[in-house]
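**Q** Take a look at what TrEMBL says about it:
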- 1-28: signal peptide (SIGNAL)
- 38-139: domain 'SRCR' (DOMAIN)
- 64-128: disulfide bond (DISULFID)
- 77-138: disulfide bond (DISULFID)
- 108-118: disulfide bond (DISULFID)
- 161-269: domain 'SRCR' (DOMAIN)
- 234-244: disulfide bond (DISULFID)
- 293-392: domain 'SRCR' (DOMAIN)
- 362-372: disulfide bond (DISULFID)
- 402-511: domain 'SRCR' (DOMAIN)
- 478-488: disulfide bond (DISULFID)
């Protein structure tokens, strides 16, 4: 029985799978490559070093240092998403592991795709002790765009909240009996010795940040009581019930019932965004107070890179000592449950700006990450070490009221919503008028399908459900932050959709990875200057509307004053940035003799300090290409010879200050103080994982002859005294 295990811990999916694994191993194909997953663990400070551990058949184990070489370390590091290995360490330098020693006498050539492909004694065959556990040190640089797929989840399949009678008909079950699976059967836990700390852990597993005392109203005891023979002892900081220790053995009556208690019933408190209302079932969008912590770059609700607000600037958190306690504090602070994963090594993309916190240490009970201790003196952390989290979120039934229909795969199709019409719920289409990327982002997030890849206003090529042809939602406008489509602004009972549904119904395609464009603010600040240029040298620029209106009819001998600067645009995301339109849709401009793959790629604006636009410019993407790339990244895109356009993950495109239209025409601007602003992808034509970093603002001073650009920052700056927002 599981309760006799010496570890004295709660049953978990890995333990329950051991018997199945032993049986299936003998029946498995001996030539098949074993499925493994790697991680770096132990007593370490950096995410790119640690004890090498292997996950196989539901259990983490270690690797023996016998015959281990730098070639094996290279294979392991690349499998973990790093560019290479720097060193390996024998004799459990990072501490001794626990459990099985999965691999021994590992012999790699160095070019294998996985450590499982290297020669060894075979998985689980070893004569080593944990004093021989091997460690590796990888390069700090990760492979840009590396997609880490984790097969290790929490143990929700072995713990459940069975709804009380009063909640049977509700979608957000927040209250119920706690049951654990033991010996293939679901068993209740006796309330003897049960504490609120235990409830806190289970509520966190189910996506709720807090717990409350259960009133007992409406609670009906299970018809058949079948108690588990042990209590539970949690400290309240665990992310999963399987991390708690077993309590003392419970005294059961002869019929298996609990002698000194009743079945445990818990009541959880949902986060504000998930809190139901009495009438409608879910809240509409509400005005969010300025948070101190936020998540960015995540593909689904409840995951992302951790960013902290300090002194008016958003910055990131270094992953040194980043652990599940700190990650859970972040998740609960944002209204989610406990953390599923504490991610290191910028696994959800690199941030920008300062690194505000390093070596974070949380007790697990802080209300905010900003209350945790951290090393304010530590330096040396770069954005390749940005910390991230994946949080447990409540099962709110979001995807039960929205679906994609007619697509070639589950990630695309016509958008259909479940709406109330004439007193009954019916599936119908969404009007495509004003339908765009932001609306598609909300749909993909609500369905758990990641980011929007495209938003479609015509879907004649996708045959939706015939019974859902009629439009049931129109006038949809989303900010992109909503959890569900019905939280977006839309028409009420009186629909307005002149085109109707059918071929003009809204559609989307979704993707698990997206690009993320970021402008190099320092490059703008360092390359700004004024140029007086004659009109006879600006004819092509005037044809492409790169000059102010006062240039119309100007003589060829007159001059225009141009504010010039360079733009260096990096793709920090997890997939390549590609123009939405294919080659066949690009527009040829004869004067400059080039194609425009995006009619407007950037906006350049000059504002007065009170927000009035003084001058503007725009840059069509006549050449989206990889000017330079990080070490180890190959260029993919080059504009020459009508080549493919885009920006590869880990590369950047540079628009030099000396090319046409890389300016603002300031001929008519008077001397004074201004705000200079650049916006990339301003029409959201191409979906990105984060639009908040697409804007750059600088202070600008012009005396009539010279210009100064200073205090350039990416994103929305909070300090109003310094910047106009």
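Just so it is clear, glycine is given a Cβ too, placed from its N, Cα and C backbone atoms.
What TrEMBL says about a protein is an automatic prediction, not a curated fact.
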**Q** Whole-number Å distance between the CA of residue 138 (disulfide bond) and the CA of residue 128 (disulfide bond)?
**A** 24
**Q** Radius 10 Å, atoms counted are CB only; among the disulfide-bonded residues 138, 244, 362, 478, which position scores highest?
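**A** Most Cβ neighbours within 10 Å: 138.
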**Q** So among 77, 108, 118, 234, 478, all listed as disulfide-bonded residues, which is physically nearest to residue 372 (disulfide bond)? Use the C-alpha atoms.
**A** 234
**Q** Tally the residues of the domain 'SRCR' (402-511) by DSSP class, grouping H, G and I as helix, E and B as strand, and everything else as coil.
**A** 19 helix, 40 strand, 51 coil
**Q** Measuring CA to CA, name the entry from the disulfide-bonded residues 128, 362, 478 that ends up nearest residue 234 (disulfide bond).
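**A** That would be 362, the closest of 128, 362, 478 to residue 234 (disulfide bond).
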**Q** Please tell me which one of the disulfide-bonded residues listed here (64, 108, 118, 488) sits closest to residue 244 (disulfide bond), measuring Cα to Cα?
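**A** Smallest Cα separation from residue 244 (disulfide bond) among 64, 108, 118, 488: 64.
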**Q** Looking at the domain 'SRCR' (293-392) alone, can you tell me the average pLDDT?
**A** 91
**Q** Whole-number Å only: compute the distance from the Cα of residue 362 (disulfide bond) to the Cα of residue 478 (disulfide bond).
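**A** The separation of the Cα atoms works out to 36 Å.
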**Q** Write out the long-range same-chain contacts of residue 128 (disulfide bond), meaning residues 6 or more apart in sequence whose Cβ is under 8 Å from its Cβ.
**A** 64, 65, 66, 101, 104
**Q** Between residue 478 (disulfide bond) and residue 77 (disulfide bond), what C-alpha distance do you get in Å?
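**A** Approximately 41 Å lies between the Cα of residue 478 (disulfide bond) and that of residue 77 (disulfide bond).
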**Q** So, by DSSP, how many helix, strand and coil residues make up the domain 'SRCR' (293-392)?
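**A** Helix (H, G, I), strand (E, B), coil: 16 helix, 33 strand, 51 coil.
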